[in-house]
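Quick look at what TrEMBL lists:
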type	residues	note
ACT_SITE	Lys81	active site, proton donor/acceptor
BINDING	Gly183, Ala184, Gly185, Ser186, Val187, Ala188	NAD(+) binding site
Amino acid sequence: MTTLWDRPNFDDHEAIHFVTDAASGLKAIIAMHSTHLGPAAGGTRFWHYADDDDAVTDVLRLSRGMSYKNAMAGLPLGGGKAVILADENRTKTPEMLAAFGRAVDRLGGNYVTAEDVGMSVENMIAIAGTTDYVAGLPVEGEGDVGGDPGPHTAKGVFLGLKAAVKRKLERDDLSGVHVAIQGAGSVASHLARHLADEGARLSIADVAEDRVAALAKETGAAIVDPADILFLDADVVSPCALGAILSEETIAKLNTGIIAGAANNQLARPEDGQRLAARDILYAPDYVINAGGIINVSTEYLDDGGYELVRQRIAAIPGRLDQIWEESASSGRDPAAVADAMAKRLIGRA
Ligand code: NAD
């Protein structure tokens, strides 16, 4: 019999809580991967899993990812994640959310939740009715700590992309540098504005035609077919839409020297990091470059320094990428593998 401890995605998680509330029908799993640096923080996903086993795999994998991401963002937080196992009709009731909040509350602040796939801001407000351990609730006003993470994520990606251009192209400015952006959503739009302001030449693609048209008009970007965007002859390709877009097949067709974008889980498989390195393509590990949003949300929750600290933590992203690329160059290991190793050192699991 395979036990939880033998599973391939089990990584010495500190605690895994299986939660049920018969009255509301709640079934959830809260995984705390590491509290070495602080409370285990990470969002709650509401999802219908064909098999309960898939939910366990998801929560184990995602909570470890949060440990790495929070550590590399320089936050005093560990990593955790929760999944609520939805039924086929994705029934979600106020009673269920209240019961989930109570389960989070019982962990006494050792797990801090936030919004993730399948949850809305309203759902998070409902959960905050039964626990204080919720980050990322709405706040008033532009520039405030908290609120929409998109602009903060975009700022970090912009700074990281500039660091990559400096390293690879030995250029301090972006004037005329061709950046191909996959996606024209929240992060991509803010990123495109930063890049356009610095004179970059932009190509963008999105399956949502109205969105891409509006962004192209605003930034002067060329509109490209979504099927072609990753393979353009461009100085930088910036994936800001989907995960798992860098695979054996797509990497062979890339025509760029730099991959620097916001999308989560860009590598289809760990060995795709080596495939990029073998083609001499500089890769900015996704969870390092896209940490601006989590930095903003967490700084609000921790209430440890206000907007200035958010700005400083985001400004540290390019330096961390440089450290990764430097270690990659000296060790021969690809940047994604180096980032994982650094994160493990930070959480005391070298
Ligand atoms: P979003 O939903 O606002 O935008 C995503 C865009 O991608 C949408 O406009 C969608 O139409 C487009 N898209 C979907 N399939 C596409 C395809 N095949 N080709 C081209 N475009 C396609 O999401 P977002 O908040 O901007 O996030 C973008 C990515 O960055 C996601 O992978 C997300 O997980 C990641 N990310 C976002 C944040 C954040 O703060 N929002 C933080 C970290 C990571």
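Just so it is clear, glycine is given a Cβ too, placed from its N, Cα and C backbone atoms.
Location within the structure of each feature annotated in TrEMBL.
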residue	record	DSSP (3 states)
Lys81	active site, proton donor/acceptor	strand
Gly183	NAD(+) binding site	coil
Ala188	NAD(+) binding site	helix
Rounded Cα-Cα span from the residue listed as 'active site, proton donor/acceptor' to Val187 (NAD(+) binding site), Å: 22
Most crowded position, judged by CB atoms within 10 A, among Gly183, Gly185 as binding-site residues: Gly183
Long-range Cβ environment of Ser186 (NAD(+) binding site), under 8 Å and at least 6 residues apart: Asp148, Gly150, Ala154
CB-centroid shell, 8 A cutoff, NAD(+) site Gly183, Ala184, Gly185, Ser186, Val187, Ala188, site residues removed: Gly150, Ile181, Ser189, His190, Leu191, Asp206, Arg211, Cys240, Ala241, Ala262
Neighbourhood of Ala184 (NAD(+) binding site), C-beta criterion under 8 angstroms, separation at least six: Ala192, Ile204, Ala205, Asp206, Ala208, Arg211, Val212, Ala214, Leu215
Cβ-Cβ distance under 8 Å to Lys81 (active site, proton donor/acceptor), same chain, at least six residues away: Ile30, Ala31, His33, Gly42, Gly43, Thr44, Arg45, Val59, Leu62, Ser63, Gly65, Met66, Asp116
